[in-house]
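Scroll down for the structure; my scribbles are underneath it.
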Amino acid sequence: MSGGKGKAGTSEKASTSRSAKAGLTFPVGRVHRLLRKGNYAQRIGSGAPVYLTSVLEYLAAEILELAGNAARDNKKSRIIPRHLQLAIRNDEELNKLLGDVTIAQGGVLPNIHQNLLPKKSGKGGVKASQEL
């Protein structure tokens, strides 16, 4: 019989975060706290912040992957807002999701209307407008 107070014979196990249990990088605890503080509902279930965190992490990973590809296409090693804009606007589903979102310093997609492009001329034919 051991003397003193406390738990005898048990070793303390390090606590595992809910993010680690779910295999996520984003913080489940912080999302849960923000859901509670935001007055979205009177009560928040234990699975809701895990699900929401996983959705947020997936969306962030998807956007960052496409933005990284856009940066690599432009021979840059750092993602800037322009790359985020190009990634989102060139992806049909992300463009639909973030259609009303304005990205600061994002610029616009390069687009020239078909009517403004020069006309394709036939072989050897001289245009009437160039004859004098």
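In case you wondered, yes, glycine gets a Cβ from its N, Cα and C as well.
Among the features that Swiss-Prot reports, region 'Disordered' is placed at 1-21.
Among the features that Swiss-Prot reports, N-acetylserine is placed at Ser2.
The N6-acetyllysine annotation in Swiss-Prot covers Lys5 (among others), and the record cites similarity to another entry as its basis. Taking Cβ-Cβ distances under 8 Å and a sequence gap of 6 or more within the same chain, Lys5 (N6-acetyllysine) has no neighbours at all.
Residues or ranges marked as N6-acetyllysine by Swiss-Prot on the basis of similarity to another entry: Lys7 (among others).
If you look up Swiss-Prot, you'll see Gln105 marked as N5-methylglutamine, on the strength of similarity to another entry. Other C-beta atoms found within 10 angstroms of the C-beta of Gln105 (N5-methylglutamine) number 9, with every protein chain shown included.
DSSP assigns Lys119 (site 'Not ubiquitinated') to coil, not to a helix or a strand. The site 'Not ubiquitinated' annotation in Swiss-Prot covers Lys119.
Marked as phosphoserine by Swiss-Prot: Ser129.
Comparing Lys119 (site 'Not ubiquitinated') with Gln105 (N5-methylglutamine), their Cα atoms are 34 Å apart once rounded.
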